[in-house]
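Colleague: Below are the features I grabbed from TrEMBL:
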ACT_SITE  D139  active site
ACT_SITE  D449  active site
BINDING   E110, D139  UDP-alpha-D-glucose binding site
BINDING   K272, D296  Mn(2+) binding site
TRANSMEM  20-39  transmembrane segment
TRANSMEM  652-676  transmembrane segment
TRANSMEM  683-701  transmembrane segment
TRANSMEM  713-736  transmembrane segment
Amino acid sequence: MDQSSNAPMHLCHVNKLTILINRTYTVIYSVALSFLLYYRASFFFHDTKTPILPSLIVFAAELVSSFEWLLIQAYRWRPVSRTVFPERLPEDDKLPAVDVFICTADPDLEPTVAVMNTVISAMTLDYPPEKLHVYLSDDGGADVTLNGMREAWTFAKRWIPFCKRYNIKCRSPKAYFSAAEDENEDGALGVTDFIQERQIIQEKYEVFKERVREYARHGDTGSSKRRDHSAVIEVIQESSSNHAFEENEAKNMPLLVYVSREKRPSHAHHFKAGALNVLLRVSGVISNSPFILGLDCDMYCNDPSSARQAMCFHLDPKLSPTLALVQFPHKFHNISKNDIYDSQMREVFSVLYQGFDGLQGPCLSGTGYYIKRLSLYGKSLKEDHKDLLELRQYVGPSNEFVKSLLGNYNPNMEMAQLAETQQLASCTYEDGTKWGEEAGFLYASVVEDYFTGFASLHCKGWNSVYCNPPRPQFLGSGTTNLNDFLVQGTRWSSGLVDVAISKYCPLIYGLSKMSFPESMCYAWIAISPICRFFSAWCLATIPQLCLVNGISLYPEVSNSFFWIFSFVFLLSVLRQLYEVLTTEASLQHWINEQRIWMMKAVTSHLYGSLDAFMKKFGLREASFFLTNKVDDVEQLKRYNAGVFDFQTSPHFLVPLASLVILNMASLCVGIARVIFLGELEKLFIQVFIPFYAVVVNYPIIEGMLVRKDSGRIPQSVTLLSATASIIFCVLGSVIVM
């Protein structure tokens, strides 16, 4: 581990061929798009029988889509990839300490056994145990979670030595024991001692699970006090049971701390951002590690080397002064081969983030990141400002916490720090301070990760890097049903649009504070929900309505501009296919992505954007919906079989079904016009648009008309959607004609 030379701890690879392809595509597509928009603009200067209103709407949708496309090109300007060399790190005694932050809020939606598996996997990271501190924030204040932590500590006393003795790669007990033996890459596979000890550990794990589930069955899950409970901070230590605990194993145990902040109905708690800020303060007086690993409660450590890989960047003297975080990709253990909901977000983590990394680095992405503690405290602390009165106004009145900011602070749990944590976790501590505004994770949006990365890190001069090693460092639970997928998408869209329509809009606030391409990347994330729902709704309704009424909105086949429209569409399709195939995905996955894009655009992006505008005008308060981590057996069977489960709210189903019915009807009318009136040349593009929509969204048609199982679209929703489509056609025809 000793660095005997000046060999770099990491390398950055710039793929020049990919850059050449990307930039060539951008130039060619831009020229074609310019001709398309010229055709649309020139329409208004010529006499035509086409009604102006539908033409204006379609032109606006094409302008919006073009603007979104322009923003996303920043990701493709300079994609890079990185390689790390953890073996070149300094010796263990020279490595900095790491605090691990894990958040949970509801044991009913986030099963305690699964959460404890994440906790145990974090405790087992390949890092000096005396420099590893694991904190769990329980926003529900549930007794079952606290008891689960105590049981996890007891089990980890045997699990940690076992993993290190036999160099176990996957250190989540659930994932390890669920996998086939030949999938675990155990160095001692087949050795008698290993087999015997593995059997003993597995038996202890079964006991651990049963004890935790017993607490869940008969204990208090906290449902009655999730918004009204006192602060509880407990350093988990040897339980009162008489289990043997050897001295040599005691040294291998990292610090484990349970934190449940005070919550009262009369005080805003700011969701996950508020919980993270409490962890930031509490850990500051207990361990005060210079680096923090943020994890979702279902995102277990799949490779114990992640901390060392992150330190390859954080300990680089050239990068370190301005490096705020190292972001690992989100990957999931429960994704089916078909992945009908695009839960793995292939485009984001396999394509876009490499381009983000080639600029000033990716945004903070919720989980799987190693962040420098100093970067979260704000500009004044970064500049080493030490006015004590100003510091207290900035971060609160706790003397111990203020000391932790000033350097040379050695936490000692035997002293008054533990009592101090009660004050730091109180619901009134942040009153009159800068927490959530300048210090810590920011509160102005429910997507606290994106907003903090933008306004508090990159806009203040910090950079980040994206590390995507061959073996996934963290694995989580992806959404496996349509309801959770759309609810999650609505929450994300709402939070992102919150930023887009605020003073922090990246195209305004970020221009003077970061590079223009970096601000374009941030702007695309924030603005894309608005762009997508507007363009999708316009292009899924107006051309179809005009087709029913025999009105042409696109050039005829004999017109030279017909080939411009065709070229733009084909070039876009070929680009997406190229990225799908080069990231080792399949043609079926490309079709799934197209379908999910349409589904999210007309539902999640629409409702999320409306929610953000309503909050902007004070018509409703911010809300935060947890994603359900409890598996439904029937839904899981359908997901693994590649069958959509439409057991979700009519608010989601009615728009989807209505648009599909509208496109089916317009396609039938269009085909009739082609056959009986010979209007193929005039209406070719308008017939192709609903044909494409119907083919891509066939599972929705199947859910309405073919399937009979419980996961189908209810007949009442189909009838309501058909009625909505008829009303739209009648009223739209009156307006258009």
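Quick reminder: no glycine exception, Cβ is built from N, Cα and C everywhere.
The model shown is predicted, which means the values in this text are computed figures rather than measured ones.
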Colleague: Please report how many Å separate the Cα atom of K272 (Mn(2+) binding site) from that of D449 (active site), as a whole number.
Modeller: 10
Colleague: Who are the chain neighbours of the transmembrane segment (652-676) in space, where the CB to CB distance is under 8 Å and they lie at least 6 residues beyond its ends?
Modeller: 482-483, 486, 540-541, 544-545, 547-548, 550, 599, 602-603, 606, 646, 683, 686-687, 689-691, 693-694, 697, 700-701, 704, 713-714, 717-718, 720-722, 724-725, 728-729
Colleague: Give residue numbers and ranges for long-range contacts of the transmembrane segment (713-736): same chain, 6 or more residues beyond its ends, CB-CB under 8 A.
Modeller: 51, 53-54, 541, 545-546, 548-549, 551, 646, 650, 653-654, 657-658, 660-662, 665, 700, 703-705
Colleague: C-alpha of D449 (active site) to C-alpha of D296 (Mn(2+) binding site): distance in Å?
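Modeller: Roughly 12 Å, rounded to the nearest whole number.
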Colleague: Would you kindly give the Cα-Cα distance separating D296 (Mn(2+) binding site) and D139 (active site), rounded to the nearest Å?
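Modeller: Here the two Cα atoms lie 13 Å apart.
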Colleague: Cα of D296 (Mn(2+) binding site) to Cα of E110 (UDP-alpha-D-glucose binding site): how many Å, rounded?
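Modeller: Their Cα atoms are separated by 10 Å.
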